[in-house]
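First comes the structure, then the notes that go with it.
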Amino acid sequence: MLDIKRLRQDFEGIKEKLAHRGEDLSALDRFPQLEEKRRDLINEVEVKKAKRNEATKQIAELKRNKEDAEGPILETRRLGDEIKLLDEELREVEAELNLILLSIPNIPHESTPIGETEDDNVTIREIGTKPEFDFEPKQHWDVMEDLQIVDVERAGKVTGSRFVFYKGLGARLERALINFMMDLHSDEHGYAEVLPPYMVNRDSMTGTGQLPKFEEDAFKVADTNYFLVPTAEVPVTNMHREEILPETQLPIAYTAYSANFRSEAGSAGRDTRGLIRQHQFNKVELVRFVKPEESYEQLELLTGHAEEVLKRLGLPYQVLSMCTADLGFTAAKKYDIEVWMPAQGVYREISSCSNFEDFQARRAGIRFRRDANAKPEFVHTLNGSGLAVGRTVAAILENYQQADGSVVIPEVLRPYMGGKEKIEMPN
């Protein structure tokens with residue numbers, strides 16, 4: 001959520017910056033009119049309250065003098081009724097203003113590239129050596145089906161499309177990756193491990209920016225106030241909703257594994273095979289709460305932590321600075337990390353690392369105090385995938401596949417796989 005004071009002071013300047021996102025900002029056009037109406041209503045209420053106070057004093061004076069006070073009494077009742085109606089109208093205007101604020105995206109940071117499409121994203125660095133094959137590499141869905149480490153058909157029977165059963169060494173590889181990522185982030189990168197709920201309430205989804213704008217993308221539990229988590233970012237960030245943190249606790253860093261649930265409402269026909277786009281998928285998340293003056297340094301740190309997973313797995317990747325049109329609703333600056341998929345001949349997103357500045361903290365009421373007498377300030381929140389597990393499985397299957405159909409297990413995962421070095425073709 002944007003700072004309403006800043007919006008009042010620099011409406012045209014903010015609107016110009018938001019226009020670089022290329023989104024529909026028609027709701028924002030009502031802000032000046034509603035803000036003027038809000039001020040007028042507040043002034044009118046104050047005038048009527050002053051008149052009512054004056055009438056109340058008259059009543060007291062008349063009663064002291066044992067004179068007729070019926071006129072002022074009727075006047076206070078009339079003014080009270082009018083104030084009540086104005087207060088109700090003011091609440092409606094403020095609710096509409098709040099809805100506008102909740103629907104406006106974050107202001108892009110000055111370092112975010114200005115662009116109109118994903119083609120305007122800027123490549124920051126490419127890391128690793130792409131594998132060379134003396135055979136035609138297979139797509140990861142063919143690799144895993146040939147190895148019989150997933151069962152898509154039965155998942156379709158049990159649930160539907162965009163679900164998968166991992167089995168055997170496929171299930172173990174998924175679990176190995178989760179444990180490896182969590183160990184790396186908690187033991188070496190200094191994140192505190194949490195295991196969050198898989199359901200959250202509406203306030204939590206609003207706090208991190210999924211609601212109200214993206215409700216159609218979420219899975220809501222019928223006849224309840226609960227949503228299945230689209231990412232562990234939601235429960236973990238909301239751990240500190242409506243809290244004032246002491247400065248000495250910052251930065252706070254959490255890592256969390258969770259299953260994630262997304263409707264993929266706008267993805268019909270895209271990535272219908274394989275592990276890239278599932279309704280349910282596992283992900284390891286990184287979340288940081290930091291002081292405002294440190295947040296961009298902290299974004300580089302967090303992004304490096306996500307990259308380290310790929311480096312240790314030996315997977316080639318690139319880092320992109322996302323342009324204004326491809327930034328996402330809540331981010332002021334975002335890096336996407338994309339892993340090389342040799343059979344597809346493209347890089348595919350495996351992590352997004354974002355600085356939300358105070359956008360989420362303002363929605364969720366997450367503040368800190370620099371000392372006991374200081375006024376509370378909003379923290380800056382950051383998050384990133386560290387990493388999406390299914391997509392990491394897909395990348396390993398494509399990059400480590402062998403001519404005989406087997407897949408070499410990255411060395412760093414072997415302790416988590418009982419020392420096994422390969423996933424062999426079944427007999």
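The count begins at 1 with the first shown residue.
Yeah, the Cβs are placed from backbone N, Cα and C, and that goes for glycine too.
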Listed co-binder of L-serine (same site as Thr231, Ala232, Glu233, Glu285, source Swiss-Prot) among Ser103, Ser111, Ser385, Ser406:
Ser385
Compute all pairwise C-alpha distances among Thr231, Ala232, Glu233, Glu285, Ser385, the residues listed as binding L-serine, and give the largest one in whole angstrom.
9
So among the binding-site residues Thr231, Ser351, Ser385, who's got the most Cβ atoms within 10 Å?
Ser351
Fewest-neighbour residue among binding-site residues, criterion Cβ within 10 Å, set Ser263, Ser352:
Ser263
By the DSSP assignment reduced to helix, strand and coil, which category contains Glu233 (L-serine binding site)?
helix
Can you see whether DSSP assigns Arg262 (ATP binding site) to helix, strand or coil?
coil
Same chain, 6+ residues apart, C-beta under 8 Å of the C-beta of Glu264 (ATP binding site), given in sequence order:
Arg162, Asp217, Arg277, His279
